[in-house]
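One structure below.
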Amino acid sequence: MLATSLFALTVWLRAEPGFNEWLKILQAEAFYIGVYILIAISIIMMAVSFLGCLSALMENTLALFVFIGTQIFGFLISIVGSALLMQYSTMHSSLQPLLQTSLSNFVSTSEQPYSSYVLNMIQENVGCCGASGPWDYLNLRQPLPSSCRDTVSGNAFFNGCVDELTWFFEAKTSWIVAIALGLAMLNVISAVMSLVLVQAVKKEEEEVQAYRR
């Protein structure tokens with residue numbers, strides 16, 4: 001169930017049209033590295049779950065050892081995928097320099113139609129101004145665009161789009177990382193319980209052999 005939930009959320013995040021378009025425009029598609037890893041491990045864990053059930057029912061020690069190996073592998077990959085996803089979706093991460101570079105370039109060329117379109121789209125939807133704040137426009141002696149201002153109060157948004165987009169991405173990925181870490185913890189529990197079952201099966205076999213003698 002955890003693996004299925006992780007698969008559904010990661011595929012939804014990857015397939016979301018607007019989100020995908022923003023990352024492509026901002027040249028921050030490295031964000032998807034962790035998503036791809038978590039999609040792959042969720043598929044593997046969904047398949048491996050049946051192996052665990054069958055090996056436990058059959059009390060087959062070889063199958064149980066294979067299952068333990070897959071659980072250790074799943075734990076490691078889930079941790080790596082979560083770490084990479086957080087590396088491109090949290091404050092002070094590798095995402096922010098990418099956003100800073102892209103947004104600064106758009107601000108410096110804001111007189112061009114495409115740059116103006118991108119900035120207006122992001123600033124209106126997220127509620128931010130410039131890369132670091134309104135002073136990005138002021139330092140270039142450019143007027144603040146209307147998308148930089150709150151439609152109710154008319155005041156300029158104080159936060160820059162780098163911070164606001166990072167908080168936006170962080171909110172998108174928090175549940176995915178939580179489920180991935182939960183799955184990693186379950187991998188450890190499953191591996192330990194399978195090892196206990198292996199020991200119990202071996203002990204039972206030894207008792208049967210001793211009884212036959």
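Using N, Cα and C of the backbone, Cβ positions are placed for all residues, glycine too.
For C128, the disulfide partner named by TrEMBL from the candidate list C53, C161 is C161. Here the disulfide-bonded residues are C129, C148, C161, and the one whose Cβ sees the fewest other Cβ atoms within 10 Å is C148.
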